[in-house]
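*Asks:* Here's the feature list from Swiss-Prot:
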- HIS188, ASP190, HIS268: Fe cation binding site (BINDING)
- 141-300: domain 'JmjC' (DOMAIN)
Amino acid sequence: MDRATFACSTAFFHDYSSSAQGTFSTGHVDFIDKIESFTYSDFFRDYLIPNQPCVFSEKFTDGWGSRRNWVTWGGKPDFDHLLQEFGEAIVPVANCDVKEYNSNPKEQLPFKEYISYWKEYIKNGYRSSRGCLYLKDWHLSRAFPEQDVYTTPVYFSSDWLNEYWDAIAVDDYRFVYMGPKGSWTPFHADVFRSYSWSANICGRKKWLLYPPGQEDYLKDCHGNLPFDVTAPGLQDRSVYPRYNQSQPPVEIVQEAGEIVFIPSGWHHQVYNLEDTISINHNWVNGCNVAIMWCFLQDELAAVQREINEWKDPMDDWHLQCQLIMKSCTGIDYKEFYNFLKVIAENRISILENGLDDEASAKNTPKAAISTLGMLHAVFDLKRTVKVLTSLSANEDFKKLDLTSLSPPQEALLHHLKAAIDTALL
């Protein structure tokens, strides 16, 4: 991050609401063609800060192993190579033809069985008695770390979600998707209202994107979001009373090799127009961590409303709300504190101790922080201070047993502010 971008980002987040998700006044999505003329600061300033979508050309993925090895000369999935590398893996597969609790039910299948199904599905004219099956949310990089699959583009390298979950060795938010023509993902916004990027290794996708706030017009009379935003039933004003106030979606057709950047809080629906393989990351950083925090507060409030009748007779009602929230979203307030702590401590370490040559040569969070520069670390700490201050003042957070937090939030905040002041001297 250069000084001009640091000044721009500091001014933006000082002047605007911490939960601002940006506006989108046109239907045009920028196409980034040339690597050599597009810098990290360009992306940060023009897309991350204002929370706007864009598409990167296939030039940004030309060197990836998956594009060389997973695809035939004709641009189709190379089933033989994939079977050779991953045939015995167990993978999550969704049935696109079945709706279950506003999503598609999943099962675990051997990868070789899924590929056999896919080949038969193509042979039968894209029909099967088993329905349209879509391999989704496969943690391939975690299961096969030795594979030369891809390199995360520098534009997406400030990735707090995967930095934290890698540190605690529990989970990650790096996925591979594989599916036949006609497979699709229902209407949704991404986990924690995170950013996402999605790279097509082969095939084509159609994206329908709705800027933050537009989803409110798509809710039914009970406040529920639709499963499919293209369904004719949305025209029924007795069920969807505000649908006619919604704007048409922003539509993107993504070609092979291209990367789509989906901003924070944008709801979307996605179709595979051909047999398609893609790589996806969900990620959070200093630009959208406040949006994540607002989402968590909204999620907790929804849980509290659901079990409000038990508030008086239940001694540990606030704790139960946190447990339910974590089961639904994957995180609670105390883990969110630990998330902020890990991010903060990694940056404090860089600012206070620098980075030795051996560490910078490795693929580690500290190396990524160093690559983005000291001013980026300061920006991250400033955003962490903002959100951590809000968390510490939150009444629901203060009702929890915080004695297990190490260090206590007051001490962490003091350390953060001191590190920022020293770095800016």
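Note that Cβ sites are derived from N, Cα and C of the backbone, with glycine treated the same way.
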*Asks:* Tell me which of the binding-site residues HIS188, HIS268 sits in the most Cβ-dense spot, judged by other Cβ atoms within 10 Å.
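*Replies:* Ranked by Cβ atoms within 10 Å, first place goes to HIS268.
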*Asks:* Would you report the average pLDDT that the model assigns to the domain 'JmjC' (141-300)?
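*Replies:* So the average pLDDT across the domain 'JmjC' (141-300) works out to 97.
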*Asks:* Which number gives the other C-beta atoms within 10 angstroms of the C-beta of ASP190 (Fe cation binding site), all protein chains shown included?
*Replies:* 20
*Asks:* Applying the rule Cβ within 8 Å of the centroid of the Cβ atoms of HIS188, ASP190, HIS268, what extra residues of the same chain belong around the Fe cation site?
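*Replies:* Going along the sequence, the neighbours appear as THR185, PHE187, ALA189, SER196, ILE262, TRP266, HIS267, GLN269.
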